[in-house]
Amino acid sequence: MHKNARIYIAGHRGLAGSAIIRKLTELGYTNLLFRTSSELNLIDQQATEAFFLEHNPEYVFMCAGMVGGIAANIAKPVEFLYNNSLMTMNVISSAHKAQVKKLVYLGSSCIYPKECPQPIKEEYLLTGLLEPTNEGYALSKILGIKLCSYYRREYGCNFISAMPSNLYGPNDNYDLKSSHVIGALIRRFHEAKINQISEVIVWGSGKARREFTYSDDYADGVIFAMNHYSDEMHINIGTNEDISISDLAVLIADIVGYTGKIIFDTSKPDGMLRKLMDSSRIYSLGWKASTSLKVGLKKSYADFLERLSNNTLGTAHKI
């Protein structure tokens with residue numbers, strides 16, 4: 001991408017999209033396009049296509065979507081599958097019609113089977129059943145990957161897909177009803193500390209292991225992929241390291257300064273017991289994550305405190 005290329009970031013106010021804008025700006029890209037969901041509803045095919053044909057973006061980062069943790073995914077599988085699928089199809093088909101030079105579709109590690117060899121290689125996609133707790137969301141992401149692949153195959157479009165591990169960082173969602181684990185634990189431990197609550201209950205056994213990537217690292221990796229990767233196979237972008245939820249909870253409690261008890265509610269689901277991606281494909285091209293989990297969590301807590309003081313925590317990601 002040249003520095004003055006017209007670059008559209010769909011989902012620019014979410015965790016990944018906002019990180020991509022920060023990184024592009026830092027790298028000197030000056031012609032960035034973005035719209036809020038009230039300005040452009042990506043579920044509306046006609047409006048999405050009209051936007052692409054009017055503004056002619058040369059490059060697209062497709063980050064828009066409805067996201068959430070286990071509880072949100074269990075409660076609203078229709079919305080996660082339906083809304084995400086419509087947004088994905090509308091953006092990708094509009095990019096084709098507008099002759100976009102290159103598109104990167106942002107997926108999710110939940111695309112991989114529940115019972116999957118670890119670490120998870122890209123070719124393990126569709127080799128087994130999905131984790132039931134977020135199956136709707138996963139199906140919408142698989143649709144996006146396949147659509148990019150088919151547009152490459154049928155029309156020669158330079159569309160690629162990049163799979164993150166669990167993301168966290170500035171502009172995360174801290175709403176307890178819809179957030180992912182790190183955002184939820186930061187808020188719960190902070191509120192427990194402030195209100196002098198003696199114990200915090202965490203869903204699951206604590207034995208499940210997850211890989212976490214700082215959002216600015218992921219943004220750097222996605223931009224690297226935009227500039228250096230072109231293949232029908234999607235590409236994993238992660239840290240090649242994971243941590244148990246119990247150890248994560250202890251680490252976040254320590255960073256927040258909470259000294260009470262941590263209780264694990266085994267009646268609640270763990271989800272997949274392990275989900276560690278193999279990111280050797282992008283590492284072999286010369287990219288590597290640079291932010292340790294402890295450093296990233298400290299930055300995330302600082303972001304939480306700043307947004308709390310400014311009353312800008314919000315309740316969910318905005319597309």
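FYI, residue positions are counted from 1 along the chain as it appears here.
Just so it is clear, glycine is given a Cβ too, placed from its N, Cα and C backbone atoms.
The Cβ neighbour count for Y137 (active site, proton donor/acceptor), using a 10 Å radius and every protein chain shown, is 26. Residues annotated as active site, proton donor/acceptor in TrEMBL: Y137.
Look at TrEMBL and you will find 11-17, 106-109, K141, 164-167, H180 tagged as NADP(+) binding site. Long-range C-beta contacts of P164 (NADP(+) binding site), restricted to its own chain and to partners at least six residues apart, with a cutoff below 8 Å, comprise A16, L106, G107, S108, S109, T213, Y218, I237, G238. Following the DSSP three-state reduction, the secondary structure of P164 (NADP(+) binding site) is strand.
Residues annotated as substrate binding site in TrEMBL: R188, W203, R210, D270. Following the DSSP three-state reduction, the secondary structure of R210 (substrate binding site) is strand. Cβ-based neighbour count (10 Å, all protein chains) for R210 (substrate binding site) stands at 20.
As annotated by TrEMBL, domain 'NAD-dependent epimerase/dehydratase' applies to 7-238.
Positions annotated as site 'Important for catalytic activity' by TrEMBL: S108 (among others). Cβ neighbours within 10 Å of S108 (NADP(+) binding site), excluding its own Cβ and spanning all shown chains: 22.
Proximity of C110 (site 'Important for catalytic activity') to non-local residues of its own chain (separation of 6 or more, Cβ distance below 8 Å) is seen for L130, E131, N134, Y137, A138, K141, K275, given in sequence order. Positions annotated as site 'Important for catalytic activity' by TrEMBL: C110 (among others).
The substrate site in the record is lined by R188, W203, R210, D270, and its two most distant CA atoms lie 19 Å apart. For L167 (NADP(+) binding site), the Cβ neighbour count at a 10 Å cut-off comes to 26, with all displayed protein chains included.
The Cβ of G17 (NADP(+) binding site) lies under 8 Å from the Cβ of I9, A10, G11, F34, F61, C63, A64, each on the same chain and at least six residues away in sequence. Other Cβ atoms within 10 Å of the Cβ of R188 (substrate binding site) number 22 in total over all chains. For L167 (NADP(+) binding site), the nearest of the binding-site residues R188, W203, R210, D270 in terms of C-alpha separation is R210.
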